Each structure stands twice: as C-alpha cells, then as structure tokens.
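*Asks:* Copied straight from TrEMBL:
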DOMAIN    1-392  domain 'Major facilitator superfamily (MFS) profile'
TRANSMEM  27-47  transmembrane segment
TRANSMEM  59-76  transmembrane segment
TRANSMEM  82-102  transmembrane segment
TRANSMEM  114-136  transmembrane segment
TRANSMEM  148-166  transmembrane segment
TRANSMEM  206-223  transmembrane segment
TRANSMEM  243-264  transmembrane segment
TRANSMEM  271-290  transmembrane segment
TRANSMEM  368-388  transmembrane segment
Amino acid sequence: MDGYDFHTVSLSVSRLAKFYGQHREHISTSITLTLLFRSLGAAIFGIAGDLYGRKYPMIVNLVIIAALQLATAYCATFDQFLGVRALFGIGMGGIWGLAASMGLENMPMEARGLFSGILQQGYALGYLIAAVFNLYVVPNSSQGWKALFFIGAGLTLSVAIARVFFPESKQFIEAKRSGEQATGRKKVKLFWQDGKSIMKEYWKRALYAVVMMALFNFMSHTSQDMYPTYMQQTKGFSPEMSSKATIIAKTGALVGGTICGYYSQFFGRRATVMVATFCGACLIPMWVLPSSWGTLTAGAFLIQFMVQGAWGVVPIHLQELSPPQFRSSFPGIAYQLGNMVSAPAAQISSTISENWIIHVNGQERPDYARTQAAMMTVIFTLLFIWIACGTEQRGSHFELAAAAGGQDGHNDKLRNLENFEMRDPIATQKVDIEVIETQRSRE
C-alpha cells in the first residue's frame, strides 16, 4: 500500500494538471515534496519502532497515510494539494523501516535474501495494483482521478486493521516478559544513550548508506515516476496503452526483485547489485529508442527487472549494515535521506524534457526519452562504482539483538558482536555462539 499510495500521483499527472489548471512539471512538484518530507517520517516512526516495538507504530502510521490519501481527493486548490502531499510524505516515510525490520527479523537467516526481494517488491506490486485501477476503474468512475485515492485510503486502512491481529516481534515480547527493558523516562534515556554511542561507531557506515540510497532512489524514481507521462507525451500512446505498459514493466520488477534477492544469499549483496546495474545500463537503448509499443514495453520489462532486481537486495543489505538495536530507525532514515537527496528526480526529468522538443508527424513533443536515457546512464554507473567500493555483512544474526533501551550493560555482548562483524568473520561465528547461548539461557 506504500507503493500504491505514492504512485497515485505519478499515474495521474496529466489528469491532475487539467483539474488544477497547472503545467505537468508543476504537478511533479508534489512528488518532490513527498520525497523531501519522508525523512522526517522515517525519524519519527523509526525511533518509535525501535523504542516501543514494530506493531503499534506501524498501525498508527498506516492510519495516517489512509487519512491523507482521503484528504488528497478533497483538495480544492493546488496549494492545498501540495500541502497534503507534503504531509503524506511524513506518513509515508515511516513505513519502509518498520516493514523491513519487522519482516526480516521474523525470517530464518538463510531465507532472508529471498524474502528481502519479496518484501521490496510490495512497492512494485502497489504500483501494479494502482495501474490496474487507473486503467479499468478511473475512466469509468464518476469521481475520475479521485477514485484512485479513495480506493487507496480504503485498502491502506484495511492493512492497518489486519496488522492488529498479528503479534509483536519476538525481541520486544521477550524483553517485556523478562523485565530486561527499562520503563518510562529511564527507557527513553537509555535509548538515547545507546543511540549516541552507536552513531560514534557507525557514522561512516551511515554516510555510505545514505549515498547508496540516494543513488538507488534516483534510479527508481527516474525510471518510474514519469514513465506514464513519457509513454503518452513523447511516444504518443494513449493513457490506456501507457497503463498497460506500466503493468508489464512492474511485472518485470516483481520477477527481478524476487530472483535477485534470492541469489544475493549465495553470490553476495554487492555482487548482485553490481550485475543488475551493469545489465540495466546495457538495456537503456531498448527502453527509449524503439517506436513500437511492443518493443518499448519489452524494454521497460527488462529495465525494471534490473532496477528492482538491485532493489530486492536493499532491505536485507541495510538491515545487515545497521546497528542491531536500531534496525527500524537506521535503515529507514538512511533510505529516506537518500530519498530526500533524490527528491528532485521527477521534476528534473520533467523540466528538462519539456524544454527538449522533438517533432513527430508535424507535432511538437517533449523529449522524455533522451532525458531519461542520459540520467539513467549516469545513475547506473555511479551506483555500480559506489557499491563496488562498499562493504556487506551477509549472514548477520541481527535477530538476536535485544531491543534498544535495555538495562545498563544488557547490550555489551551485542556490541562485541558488532565489532567482530566489522573485523573477523571467524570471530563473529564464535561470538554468535556465545550470544545464542545467552539467548537460550534467558528463554
């Protein structure tokens, strides 16, 4: 639903421009605002998730998103629309960190690559669902583009209700049962103490993660956000045909993310991303040069296979790079700070394209193809280089971590594990065994 709710705007750019009497590039400003404010949401809900548990911060977050989707449909002016989409960014910012930490800490370590790919493709699936509704419901609805937002609000609220019936993550249940966590102000104080000490050790890794996620987000937003507009305005296809192309492209994303996530468990997180970005760069000509719908759609399928193939590794890669006690806030904030850096991607693409005019059959059209090809070539290249220079912690047993804000000294053994993970894989195994034995004695 996170993916669905975000892409409702990118799928409706032309309709929104007509409704508010604005140019398309001005509508894309709302996408930029949403991305800019997601960092604030990641900090708020990520810290809440590490401090109080994954369950109830997630429920509150989903309810806020549902309310803001509903509010978007009732915006009477363009200024109101921009304001609501900025607030929506705060709500949306918290979802990814909470979802990734909750999902992967409850999966066996050996299966986390596969489930990382499956989890991340929820974003592509949300886009796919929105595209189907945009194709078959919106044209036949008396509400027009608003129907897409009404449906999103209802579905998101349904997910919030469903989450009520699933349990909290294991480490928070065990901490509460054993009485190892502090309570009240002491818990908050210990949480901030843990956070300060961790950031002294992890600031370089945090910087690496933010730059990595900026490149990842530039890659996804440049290839996705203006794609329906590109198919309609540059290639001259109808909204119906561009929606069908989007659906097929997102099917490629679903397949690519799952397959690449699975193989990252064997070949490594970085190697998988590097292969995906290299292949993606080689496929750019097929994505922009053809004029037939079939060939362009095949190119989109393959490009999204590679883009989301690389993305399928991201949830588990960031979880493994994170301080184990802060796997909701650290990945979420790194992700959304990267998003903030990449926030102008759609607007840059739109502004440049609208000023690059091509003539097709005597008609002037904006050249989104040339803009997106140039941007994606640079992004694929930079991401390949940055990942090659990075590190990974494949196989980390972060599920053994105690929740942040525990009693004094409770996480000393865990911090030893973190230090070993950064230095010596053999020593890591020894400390893993010690931590496992400690966990068993607690149980």
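Quick reminder: no glycine exception, Cβ is built from N, Cα and C everywhere.
Distances, neighbours, how buried they are, the whole picture for these features please.
*Replies:* Counting residues 6+ beyond its ends, the transmembrane segment (148-166) has Cβ neighbours under 8 Å at 1, 4-5, 8, 11-12, 55, 58-59, 62-63, 65-67, 69-70, 72-73, 130, 133-134, 137-138 in the same chain.
Using a Cβ-Cβ cut-off under 8 Å and counting only residues 6 or more beyond its ends in the same chain, the transmembrane segment (271-290) has close neighbours at 219, 256, 260, 263-264, 296, 298-300, 302-303, 306-307, 309-310, 313, 317, 369-370, 372-373, 376-377, 380-381, 383-384, 387-388.
Sequence-distant contacts of the transmembrane segment (368-388), counting only residues of its own chain at least 6 positions beyond either end whose CB sits under 8 Å from a CB of the stretch, comprise 211-212, 215-216, 218-219, 222-223, 226, 229-230, 233-235, 270, 273-274, 277-278, 280-281, 284-285, 287-289, 303, 310, 345, 348-349, 352-353, 356.
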